[in-house]
Ligand code: HEM
């Protein structure tokens, strides 16, 4: 339990640390990886390079510090991060290492402004925050291990099928190498894939949503090949999976994780909206609803650049044909000539509120959406403008979580 004085020191220094947040976490990572290069096997190097992880960690530490006397207020955020940590294999013994280097980085960046009292207070506060994470993650590891078919850490799976779903998205179907049962998962959850790319010094871990329902005899992920663009190099792992991993090869994966999941107790209509590869958790939700809740009204909306980049289209249309409560709508930013001739072609341009109002049959529904950040922001703002209550909006970021 922190003393009142410690809490005061923490709260009064949060704004100062926020100003230097990114400098502190950047310094922190330099120190951490110099002292513990083995941790480069866990952290996503691309996120590090883009500074995304620095921002995510800084935000989380300051948010936690601000609520240090009421950590239960930010429990949902802690749980979401803990899911990610569990799927990556973060262990209790990593926390003191991170704490030591975080404090050293604060001291380094703040210089004389970091008094003994301030450092002492942050050391104590970090301990409280770390204990909260360690406790929640221990429960998650236990649950992953004891669940039927479950496991903690990484387990080898064999690729049994590889299917090209669009010009850039390919699905990998996988079953456990040991022939054992598959752990059930909630639609919307993801797995971590751990690969050693030949020629690379460190392992690389990436998260991919499971893109089919949990009742199948396989796990399926549908991976977008991230080619290089002007300000971003090609995605090493996605290109490796697309180009080097074939049927019969082994992939090391974590048990399913994540709290962006479909509420299956909710019987209201549901609207699933996705942009680009953000459709993967949505298709898992759709396929689950089609089997488990065929009476529930489902509207599936997908935005893609054009039909050539539209993955899993045929599958969604087939599910819809078999279920009269399900409707689907496509929106292409720049449709090809071929797209325009398709009878099911629905909208050109971007999804906007006017169009949503014409395709969503019942406004009082649960809304789930996933896609690139600008897309999510547009959907989020449009739905709020329409008057949908914030608690009916459910969304997930790919990569480090942010805010809309
Ligand atoms: C991811 C916070 C401790 C390893 C994250 C994220 C946050 C965060 C906010 C981003 C979550 C997301 O992607 O949505 C924290 C806090 C910690 C802590 C507040 C301490 C109290 C640790 C420790 C380790 C660790 C001890 C292990 C050495 C990671 C890794 C990721 C991550 C590998 C994924 C980031 C990536 O590679 O892109 N953490 N973390 N974290 N954390 Fe932590």
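Note that Cβ sites are derived from N, Cα and C of the backbone, with glycine treated the same way.
Automatic prediction, not curation, is the source of TrEMBL annotations.
If you take the C-beta of residue 95 (active site, charge relay system) and look for same-chain residues 6 or more apart in sequence within under 8 angstroms, you find 130, 133, 134. Following the DSSP three-state reduction, the secondary structure of residue 95 (active site, charge relay system) is helix. Annotated active site, charge relay system per TrEMBL: 95 (among others), in sequence order.
If you take the C-beta of residue 137 (active site, charge relay system) and look for same-chain residues 6 or more apart in sequence within under 8 angstroms, you find 82, 85, 86, 90, 92. The active site, charge relay system feature in TrEMBL is assigned to 137 (among others).
Positions annotated as heme b binding site by TrEMBL: 85.
For 276, 277, 278, 279, 280, 281, the entry in TrEMBL reads NADP(+) binding site. Neighbour count (other Cβ atoms within 10 Å of the Cβ, all protein chains): 29 for residue 281 (NADP(+) binding site).
Look at the domain 'FAD-binding FR-type' (152-263): DSSP puts its residues at 9 helix, 46 strand, 57 coil. Here TrEMBL flags 152-263 as domain 'FAD-binding FR-type'.
Among the binding-site residues 276, 278, 279, not one has its Cβ under 6 Å from an atom of ligand 1.
Taken as a whole, the domain 'FAD-binding FR-type' (152-263) shows an average pLDDT of 96 in this prediction.
Of the binding-site residues 277, 279, 279 has the largest number of other Cβ atoms within 10 Å of its own Cβ.
Less than 8 angstroms from the CB of residue 276 (NADP(+) binding site) sit 224, 303, 304, 305, 309, 371, 372, 375, each of them six or more residues away in the same chain. Packing around residue 278 (NADP(+) binding site) is summarised by its Cβ count: 23 other Cβ atoms lie within 10 angstroms of its Cβ, all protein chains included.
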